[in-house]
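Colleague: I grabbed these lines from TrEMBL:
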DOMAIN    100-388  domain 'Sugar phosphate transporter'
TRANSMEM  101-118  transmembrane segment
TRANSMEM  130-149  transmembrane segment
TRANSMEM  218-236  transmembrane segment
TRANSMEM  242-261  transmembrane segment
TRANSMEM  273-295  transmembrane segment
TRANSMEM  315-331  transmembrane segment
TRANSMEM  371-388  transmembrane segment
């Protein structure tokens with residue numbers, strides 16, 4: 001339908017009303033067209049002196065405007081959907097990463113608990129920590145050599161400079177490993193790990209007085225519960241042994257230097273965590289073997305081995321194999337996790353690992369624990385957690 005507008009009167013077909021030109025009638029009378037269906041479109045008045053006004057064109061124009069608005073909304077909607085799709089993908093990636101890290105932690109803790117249990121069983125029946133430490137490194141080295149030879153694991157690309165940088169790390173790792181094993185051969189597993197939870201104190205002291213590094217006040221304050229808790233646990237330990245205590249302390253100091261040498265020597269090296277620890281095990285084995293032979297010797301080992309097999313039976317061989325294999329696996333997983341997590345997360349995970357080892361060893365070996373001793377352990381571990389938070 002077409003509406004025609006003429007001067008001086010406007011006549012709309014099908015209606016008897018007449019609309020007078022606004023130039024003739026009073027100011028209160030206006031030409032008002034019916035409102036369009038879209039409330040957003042304003043009412044429009046139009047008068048022309050020469051040409052008729054075709055309202056259908058206006059309606060078509062408004063329709064185009066409406067379609068433009070709808071199209072514009074459709075574009076915005078598509079953009080929103082794209083943004084939401086990207087957000088969903090990011091959430092899925094983060095969730096997968098958390099699951100992977102959680103898997104690393106669970107595997108790390110489980111393997112470490114199993115190692116400590118079998119290691120203590122072996123040391124109770126075969127009290128030769130130097131050979132036990134050597135077998136642990138030998139098992140890991142053999143596993144990785146076979147993995148490289150069969151292409152199960154990628155062979156690391158190393159050079160002479162790499163091995164020179166690795167040597168001080170391996171030396172400190174060897175000392176720490178042997179000292180911790182000596183400690184566990186003399187005292188309970190739980191006591192060794194309580195003392196080893198004081199490693200952050202050694203780290204701060206060495207970094208401050210030898211390397212000249214400074215730390216915030218909160219870091220120094222976090223050492224108070226660590227030192228106090230370890231001291232309280234040592235004073236109230238029922239089966240205290242000085243060799244076991246000193247072994248744990250030396251292990252702390254050695255591992256601090258291992259971490260320092262590792263940070264200095266491995267800058268710019270593109271070796272994965274798994275291969276890095278494999279190379280570390282190989283070099284540590286070469287360092288440890290001659291010292292183990294000199295300190296204990298094959299004759300002592302042979303006599304002790306016969307005695308252990310006669311008392312325990314064939315299960316003793318399985319214990320030795322298990323502690324050797326699980327030692328390598330738990331360390332390998334911990335180094336692999338460093339590729340995925342921050343040092344703070346690793347430190348917290350290490351603290352939780354000690355809790356799981358202490359609790360499980362007390363349950364399995366029926367270690368007598370006094371309430372004051374348990375309180376000291378709890379304070380030391382809590383201090384380690386505070387340290388990891390303050391350090392970051």
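Every residue, even glycine, has its Cβ placed from backbone N, Cα and C.
Give me the lay of the land around each of these features.
Modeller: Residues of the same chain lying 6 or more positions beyond the ends of the transmembrane segment (101-118) and with a Cβ under 8 Å from any Cβ of it are 184, 189, 193, 319, 322-323, 326-327, 329-330, 333-334, 336-337, 340-341, 345, 349, 352-353, 356-357, 360-361, 364.
Here the transmembrane segment (315-331) has long-range neighbours at 108, 111-112, 114-115, 118-119, 121-122, 125-126, 132, 135-140, 143, 277, 281, 308-309, meaning same-chain residues at least 6 beyond its ends whose C-beta is under 8 angstroms from one of its own.
Long-range Cβ contacts of the transmembrane segment (371-388) within its own chain (Cβ-Cβ under 8 Å, at least 6 residues beyond either end) map to 190, 194, 197-200, 204, 219, 222-238, 344, 347-348, 351, 354-355, 358.
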Colleague: With the transmembrane segment (273-295) as the reference, find which of 130-149, 218-236, 242-261 contributes the most Cβ pairs under 8 Å.
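Modeller: Comparing 130-149, 218-236, 242-261: 130-149 has the most Cβ pairs near the transmembrane segment (273-295).
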